[in-house]
Amino acid sequence: MNAEKSPVNHNVDHKEIAKFEAVASRWWDLEGEFKPLHRINPLRLGYIAERAGGLFGKKVLDVGCGGGILAESMAREGATVTGLDMGFEPLQVAKLHALESGIQVDYVQETVEEHAAKHAGQYDVVTCMEMLEHVPDPQSVVRACAQLVKPGGDVFFSTLNRNGKSWLMAVVGAEYILRMVPKGTHDVKKFIKPAELLGWVDQTSLKERHMTGLHYNPITNTFKLGPGVDVNYMLHTQNK
C-alpha cells in the first residue's frame, strides 16, 4: 500500500463493508434485500436530474455506489458516470450488471478522499446517497465531495435524521417489523441531523440549495418526496 494513502483509508468501517459484501449477489434482485433502493431510485434520479438541470452530457460521480442502481440509471440519462465504493463484491456485481445491460459506467474501488486527491474539480455532479451514515468520519466525505465538483456544479447527499422517530421507522419498522432491509443495516447513533450536515457543508465551498424528505406510507406501500425531514432526507448543494 502506498503510504500516502493510509490516512484517507482510515475513513472506512470494515464491518459496514462486510454487511454489504454478504448480500452483494442479490443487489439487483427486485424482491430482495435491496428492494427499497430499487423502489426509491426513480424518486432520487428525478430529484437529482431536475435540480441539476438534467444529466445528459455531464460528468457524474456516485460516491458509495454499491451495486450500481443509481449509477446505471444516471448513465441511462446520458451522463458519463464513475461509481466509487470500497466494497469489492458490490463493485463486481455492478460491473457485471452494467456489462449485461450494455451500460457504460466506470467503477472504482477507492475512498472518496483518495479520489479527490487525484480528480479535484473534475465533476459536474457528485451524488452521495445513504453513505454518510456508514463511515467513521462523514464530514471528511462532505469535504471530499466539495473538492471533486466543478465550480457551479451540484452535490447531492441523502441520509437519515437522528431522533426517536427515525429509529422507530428506519430501524424498528423497516428492519424488524416490515423487514424491508436486513437486520443490523442501520445504527441510529450514526444517523445525521440536518443541522449537522448543513454545518459540515458550510465549512466547504458548497452552498445549500434545497432539502426534501423521503417518506414511506406503509398503508399504500408507496414512497414520495415532500416536506418534513424527520427520517430520510435529501440535500442539494452547489459549489460556489
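Along the chain as shown, residues are numbered 1 onward.
Yeah, the Cβs are placed from backbone N, Cα and C, and that goes for glycine too.
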According to Swiss-Prot, ARG44, GLY64, MET129 bind S-adenosyl-L-methionine; identify which of ASP29, ASP85, ASP137 is listed for that same site. ASP85
For ARG44 (S-adenosyl-L-methionine binding site), what is the secondary structure by DSSP, using just helix, strand and coil? helix
Sort out the sequence-distant neighbours of MET129 (S-adenosyl-L-methionine binding site) for me: same chain, 6+ apart, CB within less than 8 Å of its CB, listed by position. ARG44, ASP62, GLY64, LEU70, PHE156, PHE157, SER158
Most isolated by CB count within 10 A, of the binding-site residues ARG44, ASP85, is ARG44
